[in-house]
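To start, the structure under review is shown below, and the notes come after it.
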Amino acid sequence: MKFKAMTAIAALVISTPFMASADADDDQLVVNGEIEMITKAPAPAHLADALDEVISGWHMRSDETQEMQADDFDNPAMIFVEQAQDDWNTVMGTKDKSCASCHDNVEDSMAGVRTVYPKWNDAKETVYTMEMQINDCLTDGMGADAWKKSGAKMARMEALISVQSRGMPMNVAIDGPAEATWEQGKDLYYSRTGQLDLSCASCHEENYGNRIRSDHLSQGHINGFPVYRLKNSKLTTPHGRFKGCVRDTRAETYKPGSAEFIALELYVASRGNGLSVEAPSVRN
Amino acid sequence: MDFTRRETLALGAGAAVMAVLPFQVQAAADDAIAEFTGGADVAMGGVELTAPEIAENGNTVPVSVSAPGATAIVIYATGNPTPGVATFNFGPLAASQTASTRIRLAGTQEVVAIAKMADGSFAKASSTVKVTIGGCGG
Amino acid sequence: MASGVKPRVKVPKTAAAGDTITIKTLISHKMESGQRKDKEGNVIPRSIINRFTCEFNGQSVIDVTLEAAISTNPYFEFESTVPEAGEFKFTWYDDDGDVYDTSKKIAIG
């Protein structure tokens, strides 16, 4: 294990000067033959000093993995979306309500919602992730128990809601009342953590397109989250992935739902402004 | 690079283990194939096996098989702890003797497809799939 | 495992008599291989779907034996002839004795 990690470090150190970058491919992602995804876009203004173009992680994957995302029947994540559709129509809690009681048809009521999350919540005076909004609905609106942060039920509901915005460009607000949280997230993005002393930027800004061991590093966007990972055959949320990344730097991680990960989610989402909502995407 | 006597012995032992282990799993695959064919001769060709040259994750590897005129096709993962993967028995309404699925591969290995033809003969195809280890926790 | 197992099948709604159609199936299932260990080091017992069948009006299209090397959420794609209008029946057999099934009608037109 130790040896593997050292090899990984060596690979990282060597890769920058010597390795030809195995760049993103030029394939086009069209889901079900009809939803045309924006998988490459001019970088948002706030990234002007760092990147020219933002590129979906879809371009970094093999043809086989890419194809799995191009058809809703081949995409295993859609199993979970169907389960969430059942949840949407299930009466829960003391108020005898389902999600549909207030929001009717998910196709209509949730169209576009995913593109603006995380976003400032005026009433609560804080930045809200979609997870926080779902849990507010459950506890306050329905009199039900909150779902586990980044748990399976939460992930599949986020996937169902995200599906209604597929193809639409991400457009989270980073100014106004959200700015302080966004700045906190930006600080976290560039802060090195753990024994390996890596920041998010070490891999996903300075080395995207290069390989970390045999893996093709992406720019780390979350427009495809929740993501179905072939590795564990289930949906992973942004906070779940952040936790894995921080752990892999050999640091104590923040918890899903923590203030740090909420800020980081806002910042990382904003780096992908302009890319289509792809969720639920398929990655390795 | 200098090795002590002890390190050299350890390396030798390691190499011996490396050499023996694949042989054992290959033997398990050979036994499983022989059980299916009843030891009959197996001709190369007549069955097509499509698998990626490099799998991004061994947990979900797309494969497909096709053997016109076959009654059954069996897929073996020769490097897995148990080599059997799936047996496709084609019924009278199968429009073609083809099927696709997603399989688990424990590591880089040879995947084998054996087709049993209507006349009782057997055909074989094989493909080496490299299973990579991801950068972030495999 | 009976809870939360959800089959999905993709079959065209219509075909011409004698046509070849492509069928895709997916079912949510862990396919516990029997090779993994829990945190205490005990082997987690195998629990998989071991057989999948597709029939059309009672005649077999495909009958698959699954081993532990089939991935989580088993996926199959295959081709069927459609001789007449009728119904496809899909059945998955679990190690624990549970049987999951679903049907799809197809019209000639």
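Every residue, even glycine, has its Cβ placed from backbone N, Cα and C.
Note that the structure is a prediction, hence the values are computed from the model and not measured.
What TrEMBL says about this one:
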| type | residues | note |
| --- | --- | --- |
| SIGNAL | A:1-22 | signal peptide |
| DOMAIN | A:83-170 | domain 'Cytochrome c' |
| BINDING | A:Cys200, A:Cys203, A:His204, A:Cys245 | heme c 2 binding site |
| BINDING | A:Arg241 | substrate binding site |
| ACT_SITE | A:Cys245 | active site, cysteine persulfide intermediate |
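Across the fold, the C-alpha of A:Cys203 (heme c 2 binding site) and the C-alpha of A:Arg241 (substrate binding site) stand 14 Å from each other. Here the domain 'Cytochrome c' (A:83-170) returns a mean pLDDT of 97 for the predicted model. Applying DSSP to the domain 'Cytochrome c' (A:83-170) sorts its residues as follows: 43 helix, 10 strand, 35 coil.
In this structure the C-alpha atoms belonging to A:Cys200 (heme c 2 binding site) and A:Arg241 (substrate binding site) are separated by 12 Å.
Chain B comes within the C-beta cut-off of under 8 angstroms for the following of the binding-site residues A:Cys200, A:His204, A:Arg241, A:Cys245: A:Cys245. Within the same chain, residues at least six positions away from the residue listed as 'substrate binding site' with a Cβ under 8 Å of its Cβ are A:Ile222, A:Phe225, A:Val227. Cβ atoms within 8 Å of the centroid of the Cβ atoms of A:Cys200, A:Cys203, A:His204, A:Cys245 (the heme c 2 site) belong to the same-chain residues A:Leu198, A:Ser199, A:Ala201, A:Ser202, A:Glu205, A:Gly220, site residues excluded. Of all residue pairs in the heme c 2-binding list (A:Cys200, A:Cys203, A:His204, A:Cys245), the one with the greatest Cα separation is 11 Å apart. Every protein chain considered, the tally of other Cβ atoms within 10 Å of the Cβ of A:Cys245 (heme c 2 binding site) stands at 21.
In the three-state DSSP assignment, the secondary structure recorded for A:Cys200 (heme c 2 binding site) is helix.
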